[in-house]
Amino acid sequence: MRKTISKDLDSNLVEEKKTLFIIFGGSGDLARRKLYPALFRLFLAGTLNEHFAVIGTSRRSWPDEYYQNIVLDSIAKVNGATQDDRQNFAKHFFYQANDVTDVGHYKVLKHRAREIAQKFQIDGPWLYYLAMAPTLFGTITENLARCEFLENSHPNRLVIEKPFGHDYLSAKTLNEEIQKAFPEKDIYRIDHYLGKEIVQNIVPFRFSNPLIKSIWNSKFISNIQITLAEKVGVEERAGYYEQAGALRDMFQNHISQLMMLSSMEEPVSLEANDFVEQKYRVLASLKPLNQQDLLNNFVRGQYCASKEMPGYREEAGVDPKSNVETFVAGKLELQTPSLKGVPIYFRTGKRLKEKETRIDVVFKAPETGPYLDAKNNVLTIFIDPSSGISLKYNAKSIGDTKILSHFEMQRLYTEEERHQMPEAYQRLFHDVLNGDKTNFVQWEELCASWKLTDQIVNYWHQQPLADSEFYAAGSLGPRSANDLLANDHNYWIYQG
Ligand SMILES: NC(=O)c1ccc[n+]([C@@H]2O[C@H](COP(=O)([O-])OP(=O)(O)OC[C@H]3O[C@@H](n4cnc5c(N)ncnc54)[C@H](OP(=O)(O)O)[C@@H]3O)[C@@H](O)[C@H]2O)c1
């Protein structure tokens, strides 16, 4: 018998969470690479203990033992566990072949789920994780409701992966389908960026330090810049990417989330509803875009071949005449009470110079007084690959001089700290087990981010890519992304 009370992620004492997990897409890549290791870490932490079980399902037929070996393989690289821990964990896993489009299969699945819940004395929630193509989400929730999975005494929670829709209308249709079976309070939409340590730290950092809080407003901030640069190209995802493009793939979800967290007003409490309400208000209050804004404030690009790397149109699975954007940059104007009128710039792209995700908050330089040569203070939140916070400040150059220099105070998480940090999926599972929706995407936010995304995409679709919109693989994107800021007398802080 393992310990029933243990140190939790944040060192609070917690009770074991008695849960039955049903993972749709249990044989898939996401389940193997992310979900099973995350559950194992929760098992090692004691959050999952004796009274939990996982039923993996997909169409292929696997005996339980085979599935348990798959699970053992997927947790092989998790450190800090004994062989007994691994074996004890795997014993909680069961496999049930199930085609989600076949109603008959759900009856078998429900019978099995009941038996397993009884065997492990699970009286807590049943958690349905849809690690599958989103086109099947509606079918699964409808069949779960039809086959009376949701009418039992236990609570039910639904966890779904992105992409949630292709545009506003498809997201709305999907949402309506899902909400026929699950109320919004039981739906957990994952954006794994919200599970990252540093991302979860943006709001505490902004509001728990009176020094920072007092300057995070339009009186002091000149502009905010969000960069999410990828070094990789489209890889094996050409099929999906040809339908999506950079704006849908990165802006609609991750960048929108970073934008909301870095510009939301202080929530009245840390309760999920209060927190999410403030996030949503950022998007809801953005200055509406007119035709002129669409023309002037957004830049798209597509990578073309450089010496060592192929262009997007040469990648396997990509239409040689593809008009899909692999780069976007844009400017939006915040209208929240504290940051009214402050521009927020964003850019993201594939096959850029380096992998780099960060938020640069650029403060105004002095406009009066003797230090007019001082540079802007810049506060950077590094997200990936390094993670932490830095502040660039002016000070006198060392020596017998009055000349100013720019210095940097930096606190990055060490390798050891990063190693000890719970991974995004571990945290997010942990939150679902606690019924905490703070770090999940609510329908209102999704709705607002899709409407904004649609407006830009629809405008672009009217014209094919121009020659000036192509950028060399390995560069920082098209020149027009720099012009976007230069027109406002600003420049990108991150230059690669
Ligand atoms: N992989 C990642 O790192 C990642 C990251 C973020 C989001 N996501 C999202 O997570 C979801 C899953 O991604 P994935 O990479 O794990 O995909 P995947 O490897 O293709 O897995 C898909 C799973 O669905 C099962 N499946 C397909 N059709 C089915 C049906 N009719 N009935 C029952 N099972 C069926 C497949 O097994 P069978 O063929 O045996 O049925 C397989 O287990 C997608 O929405 C993706 O966008 C993935």
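Glycine too: its Cβ is placed from the backbone N, Cα and C atoms.
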Record-annotated substrate site (TrEMBL): member among Asp167, Asp249, Asp319 besides His192, Lys196, Glu230, Lys350, Lys355: Asp249
Sequence-ordered binding-site residues from Asp29, Val100, Lys355 with Cβ under 6 Å of an atom of ligand 1: Asp29, Val100
Other C-beta atoms that fall within 10 angstroms of the C-beta of Asp249 (substrate binding site): 24
The domain 'Glucose-6-phosphate dehydrogenase C-terminal' (204-492) [mean pLDDT, rounded to integer]: 96
Neighbourhood of Val100 (NADP(+) binding site), C-beta criterion under 8 angstroms, separation at least six: Phe24, Thr57, Met132, Leu136, Thr139, Ile140, Asn143
Sparsest-packed among the binding-site residues, when each Cβ's other Cβ atoms within 10 Å are tallied, from Asp29, Glu230: Asp29
Lys196 (substrate binding site), number of other Cβ atoms within 10 Å: 19
Rounded to the nearest Å - Cα separation of Lys196 (substrate binding site) and Ser27 (NADP(+) binding site): 25
